[in-house]
(Lines of atoms letter the chains of each structure in order from A and count residues from 1; the text may use other names and numbers.)
(Lines give C-alpha, C1' and ligand atoms only; values in the text may rest on other atoms or scores of the structure.)
Protein backbone atom coordinates (compact mmCIF):
# COMPACT_ATOMS: atom_id res chain seq x y z
CA UNK A 1 0.00 0.00 0.00
CA UNK A 2 1.53 3.32 -1.02
CA UNK A 3 1.70 6.48 1.04
CA UNK A 4 -1.24 8.17 -0.71
CA UNK A 5 -3.51 5.20 -0.04
CA UNK A 6 -2.47 5.12 3.61
CA UNK A 7 -3.10 8.84 3.83
CA UNK A 8 -6.58 8.44 2.39
CA UNK A 9 -7.34 5.61 4.80
CA UNK A 10 -6.13 7.70 7.71
CA UNK A 11 -8.28 10.61 6.56
CA UNK A 12 -11.26 8.34 6.13
CA UNK A 13 -10.75 6.93 9.60
CA UNK A 14 -10.54 10.44 11.00
CA UNK A 15 -13.71 11.52 9.19
CA UNK A 16 -15.47 8.44 10.47
CA UNK A 17 -14.46 9.24 14.02
CA UNK A 18 -16.04 12.65 13.64
CA UNK A 19 -19.39 11.10 12.73
CA UNK A 20 -19.70 8.74 15.69
CA UNK A 21 -22.20 10.91 17.62
CA UNK A 22 -25.62 9.31 17.93
CA UNK A 23 -29.05 10.30 19.19
CA UNK A 24 -30.87 8.75 22.16
CA UNK A 25 -31.86 5.74 20.06
CA UNK A 26 -28.31 5.07 18.85
CA UNK A 27 -28.93 6.42 15.35
CA UNK A 28 -26.51 8.83 13.59
CA UNK A 29 -27.16 12.46 14.51
CA UNK A 30 -28.67 14.93 12.05
CA UNK A 31 -26.95 18.35 11.98
CA UNK A 32 -30.24 20.27 11.79
CA UNK A 33 -31.89 18.37 14.67
CA UNK A 34 -29.20 17.47 17.17
CA UNK A 35 -26.61 19.42 19.10
CA UNK A 36 -25.83 23.13 18.94
CA UNK A 37 -26.56 25.81 21.51
CA UNK A 38 -30.19 24.68 21.91
CA UNK A 39 -29.08 21.30 23.24
CA UNK A 40 -26.32 22.93 25.29
CA UNK A 41 -28.86 25.14 27.10
CA UNK A 42 -30.39 22.11 28.83
CA UNK A 43 -26.92 21.04 29.97
CA UNK A 44 -26.22 24.57 31.21
CA UNK A 45 -29.44 24.35 33.24
CA UNK A 46 -28.09 21.24 34.94
CA UNK A 47 -24.77 23.03 35.49
CA UNK A 48 -26.44 25.99 37.22
CA UNK A 49 -28.81 24.03 39.47
CA UNK A 50 -26.28 21.33 40.39
CA UNK A 51 -23.77 24.01 41.31
CA UNK A 52 -26.41 25.81 43.35
CA UNK A 53 -27.16 22.56 45.19
CA UNK A 54 -23.63 21.48 46.02
CA UNK A 55 -22.36 24.99 46.72
CA UNK A 56 -25.23 25.49 49.14
CA UNK A 57 -23.86 22.53 51.08
CA UNK A 58 -20.13 22.97 50.56
CA UNK A 59 -19.73 26.70 51.18
CA UNK A 60 -21.39 26.60 54.60
CA UNK A 61 -20.39 23.03 55.44
CA UNK A 62 -17.62 24.06 57.82
CA UNK A 63 -20.16 25.96 59.93
CA UNK A 64 -22.51 22.95 60.05
CA UNK A 65 -19.74 20.49 60.89
CA UNK A 66 -18.33 22.75 63.60
CA UNK A 67 -21.59 23.89 65.24
CA UNK A 68 -23.84 20.84 64.72
CA UNK A 69 -21.47 17.84 64.48
CA UNK A 70 -19.15 19.45 67.09
CA UNK A 71 -15.94 18.59 65.25
CA UNK A 72 -12.86 20.65 66.25
CA UNK A 73 -12.04 23.51 63.87
CA UNK A 74 -9.05 21.75 62.29
CA UNK A 75 -11.06 18.56 61.77
CA UNK A 76 -13.95 20.57 60.36
CA UNK A 77 -11.64 22.22 57.82
CA UNK A 78 -10.17 18.83 56.92
CA UNK A 79 -13.66 17.40 56.43
CA UNK A 80 -14.57 20.16 53.99
CA UNK A 81 -11.38 20.06 51.95
CA UNK A 82 -11.28 16.25 51.90
CA UNK A 83 -14.85 16.32 50.63
CA UNK A 84 -13.90 18.70 47.81
CA UNK A 85 -10.78 16.71 46.98
CA UNK A 86 -12.83 13.51 46.83
CA UNK A 87 -15.22 15.14 44.37
CA UNK A 88 -12.32 15.77 42.00
CA UNK A 89 -10.83 12.31 42.48
CA UNK A 90 -14.16 10.68 41.71
CA UNK A 91 -14.35 12.75 38.52
CA UNK A 92 -11.77 10.35 37.14
CA UNK A 93 -14.05 7.43 37.96
CA UNK A 94 -16.95 9.22 36.29
CA UNK A 95 -14.91 9.79 33.16
CA UNK A 96 -13.87 6.13 33.08
CA UNK A 97 -17.48 4.93 33.35
CA UNK A 98 -18.59 7.40 30.70
CA UNK A 99 -15.93 6.44 28.17
CA UNK A 100 -15.92 2.70 28.82
CA UNK A 101 -19.49 1.69 29.62
CA UNK A 102 -22.27 4.25 30.04
CA UNK A 103 -21.68 7.34 27.91
CA UNK A 104 -21.97 10.91 29.25
CA UNK A 105 -25.76 11.18 29.39
CA UNK A 106 -26.41 7.98 31.35
CA UNK A 107 -23.47 8.67 33.68
CA UNK A 108 -24.92 12.09 34.51
CA UNK A 109 -28.42 10.72 34.98
CA UNK A 110 -27.47 7.80 37.25
CA UNK A 111 -25.03 9.70 39.45
CA UNK A 112 -27.26 12.77 39.49
CA UNK A 113 -29.87 10.70 41.32
CA UNK A 114 -27.18 9.42 43.72
CA UNK A 115 -26.23 13.02 44.48
CA UNK A 116 -29.89 13.86 45.05
CA UNK A 117 -30.20 10.99 47.55
CA UNK A 118 -27.19 12.37 49.46
CA UNK A 119 -28.81 15.81 49.75
CA UNK A 120 -32.03 14.24 51.02
CA UNK A 121 -30.15 12.19 53.65
CA UNK A 122 -28.25 15.29 54.84
CA UNK A 123 -31.54 17.15 55.18
CA UNK A 124 -33.08 14.31 57.21
CA UNK A 125 -30.12 14.18 59.61
CA UNK A 126 -30.14 17.96 60.06
CA UNK A 127 -33.90 17.83 60.82
CA UNK A 128 -34.02 14.85 63.22
CA UNK A 129 -32.36 15.78 66.52
CA UNK A 130 -31.76 12.14 67.46
CA UNK A 131 -29.36 11.78 64.51
CA UNK A 132 -27.09 14.59 65.77
CA UNK A 133 -25.16 15.25 69.01
CA UNK A 134 -26.98 17.22 71.75
CA UNK A 135 -27.04 20.97 71.20
CA UNK A 136 -24.02 22.76 72.62
CA UNK A 137 -22.18 26.03 72.02
CA UNK A 138 -18.74 25.33 70.57
CA UNK A 139 -17.71 28.88 71.45
CA UNK A 140 -18.32 28.33 75.14
CA UNK A 141 -15.13 28.69 77.22
CA UNK A 142 -16.11 25.64 79.26
CA UNK A 143 -16.17 23.42 76.16
CA UNK A 144 -17.29 19.84 76.69
CA UNK A 145 -19.45 19.54 73.56
CA UNK A 146 -20.07 15.96 72.49
CA UNK A 147 -18.57 15.17 69.08
CA UNK A 148 -20.64 13.16 66.60
CA UNK A 149 -19.55 9.53 66.71
CA UNK A 150 -20.88 6.10 65.93
CA UNK A 151 -23.95 5.83 63.74
CA UNK A 152 -24.41 9.62 63.79
CA UNK A 153 -21.02 10.14 62.19
CA UNK A 154 -21.62 7.25 59.78
CA UNK A 155 -24.89 8.79 58.57
CA UNK A 156 -23.19 12.16 58.10
CA UNK A 157 -20.22 10.78 56.18
CA UNK A 158 -22.44 8.43 54.18
CA UNK A 159 -24.68 11.31 53.05
CA UNK A 160 -21.73 13.62 52.39
CA UNK A 161 -19.88 11.12 50.25
CA UNK A 162 -23.01 10.14 48.34
CA UNK A 163 -23.04 13.79 47.31
CA UNK A 164 -19.31 13.61 46.51
CA UNK A 165 -19.76 10.44 44.42
CA UNK A 166 -22.67 11.89 42.49
CA UNK A 167 -21.14 15.30 41.92
CA UNK A 168 -17.70 13.89 41.11
CA UNK A 169 -19.05 11.63 38.37
CA UNK A 170 -21.38 14.36 37.12
CA UNK A 171 -19.13 17.42 36.83
CA UNK A 172 -16.62 16.38 34.13
CA UNK A 173 -19.36 14.91 31.97
CA UNK A 174 -21.35 18.15 32.07
CA UNK A 175 -18.48 20.01 30.41
CA UNK A 176 -17.51 17.31 27.93
CA UNK A 177 -21.11 16.46 26.98
CA UNK A 178 -21.87 20.13 26.49
CA UNK A 179 -18.79 20.65 24.32
CA UNK A 180 -19.72 17.58 22.25
CA UNK A 181 -22.83 19.45 21.08
CA UNK A 182 -20.53 21.56 18.87
CA UNK A 183 -18.92 19.20 16.31
CA UNK A 184 -15.49 20.40 15.28
CA UNK A 185 -15.97 19.37 11.64
CA UNK A 186 -18.76 22.00 11.44
CA UNK A 187 -16.96 25.35 11.28
CA UNK A 188 -20.03 27.35 12.34
CA UNK A 189 -20.63 25.18 15.39
CA UNK A 190 -16.98 24.82 16.40
CA UNK A 191 -16.62 28.63 16.60
CA UNK A 192 -19.30 28.61 19.31
CA UNK A 193 -17.24 26.32 21.54
CA UNK A 194 -15.53 29.21 23.34
CA UNK A 195 -18.94 30.84 23.83
CA UNK A 196 -20.18 27.62 25.42
CA UNK A 197 -17.27 27.54 27.88
CA UNK A 198 -17.96 31.15 28.87
CA UNK A 199 -21.68 30.33 29.18
CA UNK A 200 -20.86 27.31 31.34
CA UNK A 201 -18.85 29.55 33.66
CA UNK A 202 -21.75 32.04 33.71
CA UNK A 203 -24.08 29.20 34.74
CA UNK A 204 -21.53 28.19 37.39
CA UNK A 205 -21.44 31.77 38.74
CA UNK A 206 -25.24 31.99 38.76
CA UNK A 207 -25.51 28.77 40.76
CA UNK A 208 -22.81 29.88 43.19
CA UNK A 209 -24.43 33.29 43.66
CA UNK A 210 -27.83 31.79 44.46
CA UNK A 211 -26.20 29.34 46.88
CA UNK A 212 -24.18 32.01 48.66
CA UNK A 213 -27.09 34.42 49.04
CA UNK A 214 -30.45 32.64 49.03
CA UNK A 215 -29.34 29.26 50.40
CA UNK A 216 -26.97 30.65 53.05
CA UNK A 217 -29.71 33.04 54.19
CA UNK A 218 -32.17 30.13 54.41
CA UNK A 219 -29.63 28.02 56.33
CA UNK A 220 -28.97 30.87 58.76
CA UNK A 221 -32.58 31.87 59.41
CA UNK A 222 -34.58 28.67 58.81
CA UNK A 223 -32.06 26.00 59.74
CA UNK A 224 -29.62 23.74 57.95
CA UNK A 225 -32.32 21.12 57.40
CA UNK A 226 -34.35 23.53 55.26
CA UNK A 227 -31.18 24.66 53.49
CA UNK A 228 -30.20 21.09 52.61
CA UNK A 229 -33.79 20.49 51.48
CA UNK A 230 -33.55 23.44 49.08
CA UNK A 231 -30.32 21.96 47.73
CA UNK A 232 -32.16 18.70 47.09
CA UNK A 233 -34.93 20.59 45.26
CA UNK A 234 -32.38 22.45 43.13
CA UNK A 235 -30.71 19.16 42.21
CA UNK A 236 -34.08 17.72 41.19
CA UNK A 237 -34.72 20.70 38.90
CA UNK A 238 -31.26 20.22 37.36
CA UNK A 239 -32.05 16.59 36.56
CA UNK A 240 -35.33 17.66 34.96
CA UNK A 241 -33.33 20.04 32.74
CA UNK A 242 -30.99 17.20 31.73
CA UNK A 243 -33.83 14.81 30.87
CA UNK A 244 -35.75 17.50 28.95
CA UNK A 245 -33.02 17.78 26.31
CA UNK A 246 -32.45 14.06 25.82
CA UNK A 247 -34.17 13.99 22.40
CA UNK A 248 -31.80 16.52 20.81
CA UNK A 249 -28.42 15.66 22.36
CA UNK A 250 -25.43 14.51 20.36
CA UNK A 251 -24.18 11.50 22.35
CA UNK A 252 -20.72 10.00 22.08
CA UNK A 253 -20.94 6.21 22.54
CA UNK A 254 -18.53 4.46 24.95
CA UNK A 255 -15.10 4.02 23.34
CA UNK A 256 -12.82 2.43 25.91
CA UNK A 257 -10.41 3.51 28.62
CA UNK A 258 -7.07 5.28 28.10
CA UNK A 259 -5.31 3.59 31.02
CA UNK A 260 -4.38 0.34 29.28
CA UNK A 261 -2.68 1.94 26.25
CA UNK A 262 -0.89 4.45 28.46
CA UNK A 263 0.46 1.66 30.66
CA UNK A 264 1.57 -0.22 27.52
CA UNK A 265 3.56 2.81 26.35
CA UNK A 266 5.47 3.09 29.62
CA UNK A 267 6.18 -0.64 29.75
CA UNK A 268 7.37 -0.65 26.14
CA UNK A 269 9.49 2.47 26.70
CA UNK A 270 11.25 0.90 29.69
CA UNK A 271 11.79 -2.49 28.04
CA UNK A 272 13.09 -0.93 24.80
CA UNK A 273 15.00 1.98 26.29
CA UNK A 274 18.33 0.80 24.78
CA UNK A 275 17.06 0.52 21.21
CA UNK A 276 18.03 3.13 18.65
CA UNK A 277 15.22 5.23 17.18
CA UNK A 278 15.20 5.18 13.33
CA UNK A 279 16.12 8.44 11.62
CA UNK A 280 13.20 8.09 9.20
CA UNK A 281 9.77 8.01 10.88
CA UNK A 282 8.39 6.01 7.90
CA UNK A 283 10.42 3.06 9.17
CA UNK A 284 8.05 2.87 12.14
CA UNK A 285 5.48 1.43 9.73
CA UNK A 286 7.84 -0.92 7.83
CA UNK A 287 9.00 -4.50 8.42
CA UNK A 288 12.10 -6.06 6.92
CA UNK A 289 11.84 -9.64 5.57
CA UNK A 290 14.68 -12.15 5.23
CA UNK A 291 15.16 -13.44 1.64
CA UNK A 292 15.50 -17.23 2.00
CA UNK A 293 16.56 -17.57 -1.66
CA UNK A 294 19.60 -15.41 -1.12
CA UNK A 295 22.60 -17.55 -0.14
CA UNK A 296 24.09 -14.83 1.95
CA UNK A 297 20.89 -14.63 4.01
CA UNK A 298 20.76 -10.84 3.79
CA UNK A 299 17.65 -8.78 4.17
CA UNK A 300 16.24 -8.18 0.72
CA UNK A 301 13.09 -6.04 0.79
CA UNK A 302 10.80 -3.88 2.90
CA UNK A 303 7.07 -4.29 3.37
CA UNK A 304 4.98 -1.32 4.47
CA UNK A 305 2.67 -2.12 7.38
CA UNK A 306 -0.77 -0.56 7.62
CA UNK A 307 -1.08 1.84 10.55
CA UNK A 308 -3.43 0.44 13.19
CA UNK A 309 -4.86 1.91 16.38
CA UNK A 310 -3.71 -1.13 18.42
CA UNK A 311 -0.10 -0.93 19.69
CA UNK A 312 0.52 2.12 17.53
CA UNK A 313 1.93 5.60 17.78
CA UNK A 314 -1.56 6.80 18.78
CA UNK A 315 -0.89 5.42 22.25
CA UNK A 316 2.36 7.37 22.38
CA UNK A 317 0.47 10.54 21.42
CA UNK A 318 -1.89 10.05 24.37
CA UNK A 319 1.05 9.88 26.75
CA UNK A 320 2.64 12.92 25.12
CA UNK A 321 -0.55 14.88 25.76
CA UNK A 322 -0.42 14.00 29.46
CA UNK A 323 3.25 14.91 29.73
CA UNK A 324 2.71 18.20 27.90
CA UNK A 325 0.18 19.42 30.48
CA UNK A 326 2.36 18.71 33.54
CA UNK A 327 3.73 22.31 33.56
CA UNK A 328 0.15 23.62 33.44
CA UNK A 329 -0.75 21.33 36.35
CA UNK A 330 2.22 22.66 38.34
CA UNK A 331 1.12 26.26 37.72
CA UNK A 332 -2.28 25.64 39.29
CA UNK A 333 -1.05 24.23 42.62
CA UNK A 334 -0.76 27.59 44.36
CA UNK A 335 -3.90 28.88 42.62
CA UNK A 336 -6.00 26.10 44.11
CA UNK A 337 -4.33 26.48 47.48
CA UNK A 338 -5.53 30.09 47.49
CA UNK A 339 -9.03 28.91 46.63
CA UNK A 340 -9.02 26.45 49.53
CA UNK A 341 -7.89 29.21 51.90
CA UNK A 342 -10.74 31.49 50.89
CA UNK A 343 -13.41 28.80 51.24
CA UNK A 344 -12.41 27.63 54.70
CA UNK A 345 -10.37 29.88 56.98
CA UNK A 346 -11.39 33.18 55.39
CA UNK A 347 -15.02 32.25 56.12
CA UNK A 348 -14.11 31.35 59.69
CA UNK A 349 -12.13 34.59 59.92
CA UNK A 350 -15.30 36.48 59.04
CA UNK A 351 -17.06 35.08 62.10
CA UNK A 352 -14.64 37.02 64.35
CA UNK A 353 -15.37 40.32 62.61
CA UNK A 354 -18.28 42.76 62.82
CA UNK A 355 -20.99 41.25 60.61
CA UNK A 356 -23.67 43.92 61.22
CA UNK A 357 -24.86 45.64 58.04
CA UNK A 358 -27.60 47.44 59.97
CA UNK A 359 -28.56 47.23 63.64
CA UNK A 360 -31.07 44.52 62.75
CA UNK A 361 -29.34 42.66 59.92
CA UNK A 362 -26.20 40.52 60.15
CA UNK A 363 -24.30 39.18 57.14
CA UNK A 364 -23.63 35.41 57.23
CA UNK A 365 -19.84 35.04 56.83
CA UNK A 366 -20.27 32.35 54.16
CA UNK A 367 -22.13 34.89 52.01
CA UNK A 368 -18.87 36.80 51.51
CA UNK A 369 -18.06 34.27 48.81
CA UNK A 370 -21.00 35.64 46.81
CA UNK A 371 -19.21 38.96 46.26
CA UNK A 372 -17.06 37.82 43.30
CA UNK A 373 -20.02 36.08 41.68
CA UNK A 374 -22.11 39.24 41.89
CA UNK A 375 -19.35 40.91 39.93
CA UNK A 376 -18.87 38.02 37.50
CA UNK A 377 -22.58 37.88 36.61
CA UNK A 378 -21.93 41.17 34.80
CA UNK A 379 -18.26 40.75 33.87
CA UNK A 380 -18.55 37.37 32.08
CA UNK A 381 -21.18 38.58 29.54
CA UNK A 382 -19.14 41.77 29.10
CA UNK A 383 -16.04 39.69 28.42
CA UNK A 384 -17.89 37.64 25.78
CA UNK A 385 -19.66 40.55 24.05
CA UNK A 386 -17.03 43.30 24.28
CA UNK A 387 -13.53 41.99 25.00
CA UNK A 388 -13.59 38.88 22.79
CA UNK A 389 -14.72 40.69 19.57
CA UNK A 390 -12.16 43.44 20.15
CA UNK A 391 -9.34 41.02 20.88
CA UNK A 392 -10.39 38.87 17.91
CA UNK A 393 -9.83 41.78 15.53
CA UNK A 394 -6.33 42.28 16.93
CA UNK A 395 -5.18 38.68 17.31
CA UNK A 396 -7.27 36.83 14.72
CA UNK A 397 -8.02 34.15 17.35
CA UNK A 398 -11.64 32.95 17.56
CA UNK A 399 -11.46 33.14 21.38
CA UNK A 400 -9.87 36.60 21.42
CA UNK A 401 -6.81 35.39 23.30
CA UNK A 402 -5.43 31.86 23.52
CA UNK A 403 -6.42 29.65 26.46
CA UNK A 404 -2.88 29.71 27.86
CA UNK A 405 -2.76 33.50 27.71
CA UNK A 406 -6.04 33.55 29.61
CA UNK A 407 -4.65 31.16 32.25
CA UNK A 408 -1.49 33.25 32.62
CA UNK A 409 -3.47 36.45 33.20
CA UNK A 410 -5.60 34.71 35.82
CA UNK A 411 -2.62 33.30 37.71
CA UNK A 412 -0.98 36.73 37.78
CA UNK A 413 -4.11 38.37 39.21
CA UNK A 414 -4.50 35.64 41.87
CA UNK A 415 -1.29 36.68 43.62
CA UNK A 416 -2.84 40.01 44.63
CA UNK A 417 -5.69 38.19 46.40
CA UNK A 418 -3.26 36.79 48.98
CA UNK A 419 -1.46 40.13 49.25
CA UNK A 420 -4.79 41.71 50.18
CA UNK A 421 -5.59 38.85 52.60
CA UNK A 422 -2.25 39.26 54.40
CA UNK A 423 -2.63 43.03 54.80
CA UNK A 424 -6.20 42.80 56.12
CA UNK A 425 -5.38 39.96 58.54
CA UNK A 426 -2.53 42.03 59.99
CA UNK A 427 -4.90 44.96 60.44
CA UNK A 428 -7.62 42.75 61.97
CA UNK A 429 -5.25 41.24 64.56
CA UNK A 430 -3.88 44.63 65.57
CA UNK A 431 -7.39 46.04 65.98
CA UNK A 432 -8.47 43.09 68.13
CA UNK A 433 -5.35 42.87 70.32
CA UNK A 434 -4.38 46.53 70.70
CA UNK A 435 -7.61 48.46 70.28
CA UNK A 436 -10.10 45.77 71.36
CA UNK A 437 -12.19 46.54 68.28
CA UNK A 438 -13.66 44.35 65.58
CA UNK A 439 -13.19 45.33 61.97
CA UNK A 440 -16.14 45.32 59.60
CA UNK A 441 -16.47 42.08 57.66
CA UNK A 442 -16.33 44.06 54.41
CA UNK A 443 -12.57 44.54 54.89
CA UNK A 444 -12.03 41.00 53.60
CA UNK A 445 -14.20 41.56 50.53
CA UNK A 446 -11.28 42.71 48.26
CA UNK A 447 -9.51 39.34 48.42
CA UNK A 448 -12.69 37.61 47.22
CA UNK A 449 -13.20 40.16 44.43
CA UNK A 450 -9.65 39.82 43.15
CA UNK A 451 -9.75 36.05 43.22
CA UNK A 452 -13.12 36.01 41.45
CA UNK A 453 -11.67 37.99 38.56
CA UNK A 454 -8.68 35.67 38.52
CA UNK A 455 -10.91 32.61 38.44
CA UNK A 456 -12.84 33.92 35.43
CA UNK A 457 -9.63 33.88 33.41
CA UNK A 458 -8.01 30.78 34.87
CA UNK A 459 -10.91 28.33 35.21
CA UNK A 460 -12.39 28.87 31.74
CA UNK A 461 -8.93 29.02 30.17
CA UNK A 462 -7.94 25.68 31.71
CA UNK A 463 -11.08 23.90 30.54
CA UNK A 464 -10.81 25.31 27.01
CA UNK A 465 -7.10 24.50 26.84
CA UNK A 466 -7.54 20.90 27.99
CA UNK A 467 -10.44 20.23 25.64
CA UNK A 468 -8.72 21.79 22.63
CA UNK A 469 -5.39 20.11 23.43
CA UNK A 470 -7.08 16.74 23.00
CA UNK A 471 -9.36 17.53 20.08
CA UNK A 472 -6.70 19.21 17.94
CA UNK A 473 -5.02 15.79 17.90
CA UNK A 474 -8.24 13.86 17.47
CA UNK A 475 -7.19 12.49 14.08
CA UNK A 476 -4.38 10.76 15.94
CA UNK A 477 -6.15 10.09 19.22
CA UNK A 478 -9.80 9.46 18.34
CA UNK A 479 -10.63 7.25 21.35
CA UNK A 480 -11.20 8.01 25.02
CA UNK A 481 -10.77 11.75 24.59
CA UNK A 482 -13.42 12.48 27.26
CA UNK A 483 -11.53 10.51 29.91
CA UNK A 484 -8.22 12.04 28.83
CA UNK A 485 -9.81 15.49 29.19
CA UNK A 486 -11.11 14.55 32.63
CA UNK A 487 -7.73 13.14 33.71
CA UNK A 488 -5.70 16.24 32.90
CA UNK A 489 -8.42 18.50 34.29
CA UNK A 490 -8.25 16.64 37.60
CA UNK A 491 -4.46 17.06 37.67
CA UNK A 492 -4.99 20.81 37.84
CA UNK A 493 -7.86 20.66 40.36
CA UNK A 494 -6.68 18.08 42.92
CA UNK A 495 -4.54 20.57 44.89
CA UNK A 496 -7.76 22.41 45.76
CA UNK A 497 -8.90 19.61 48.02
CA UNK A 498 -5.65 18.40 49.53
CA UNK A 499 -3.03 21.16 49.56
CA UNK A 500 -5.37 23.48 51.46
CA UNK A 501 -6.12 20.77 53.98
CA UNK A 502 -4.33 22.38 56.91
CA UNK A 503 -5.33 25.90 55.95
CA UNK A 504 -1.78 27.02 55.17
CA UNK A 505 1.14 26.26 52.87
CA UNK A 506 2.80 23.74 55.22
CA UNK A 507 0.84 20.85 53.73
CA UNK A 508 2.03 21.88 50.26
CA UNK A 509 5.60 21.95 51.51
CA UNK A 510 5.31 18.46 53.00
CA UNK A 511 3.86 17.09 49.77
CA UNK A 512 6.65 18.59 47.67
CA UNK A 513 9.27 17.27 50.11
CA UNK A 514 7.87 13.74 49.88
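Cβ atoms are placed via backbone N, Cα and C, with glycine included.
As recorded in TrEMBL:
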| type | residues | note |
| --- | --- | --- |
| COMPBIAS | 1-12 | compositional bias 'Basic and acidic residues' |
| REGION | 1-30 | region 'Disordered' |
| COMPBIAS | 13-22 | compositional bias 'Polar residues' |
| TRANSMEM | 35-57 | transmembrane segment |
| TRANSMEM | 77-98 | transmembrane segment |
| TRANSMEM | 105-124 | transmembrane segment |
| TRANSMEM | 154-175 | transmembrane segment |
| TRANSMEM | 196-218 | transmembrane segment |
| TRANSMEM | 230-249 | transmembrane segment |
| TRANSMEM | 371-391 | transmembrane segment |
| TRANSMEM | 403-424 | transmembrane segment |
| TRANSMEM | 444-463 | transmembrane segment |
| TRANSMEM | 483-500 | transmembrane segment |
Proximity of the transmembrane segment (196-218) to the transmembrane segment (444-463), 3+ C-beta pairs under 8 angstroms: yes
Long-range environment of the transmembrane segment (444-463) - Cβ separation under 8 angstroms, sequence gap at least 6: 175, 197-198, 200-201, 328, 332, 335, 338-339, 342, 346, 349-350, 353, 368-369, 371-373, 375-376, 379-380, 383, 403-407, 409-411, 413-414, 416-418, 420-421, 424, 489, 492
Remote residues contacting the transmembrane segment (230-249) - C-beta distance under 8 A, at least 6 residues beyond either end: 23-24, 33-35, 38-39, 41-43, 45-50, 52-54, 56-57, 105, 108-109, 112-113, 115-116, 119-120, 122-123, 177, 181, 211, 214-215, 218
Annotated stretches the transmembrane segment (35-57) and the transmembrane segment (154-175) touching (3 or more Cβ pairs under 8 Å): yes
Folded-back contacts onto the transmembrane segment (105-124), same chain, C-beta under 8 angstroms, at least six residues removed: 24, 46, 50, 53-54, 57, 94, 97-98, 131, 155-156, 158-170, 173-174, 177, 225-226, 228-229, 231-232, 235-236, 238-239, 242-243, 246, 249, 251
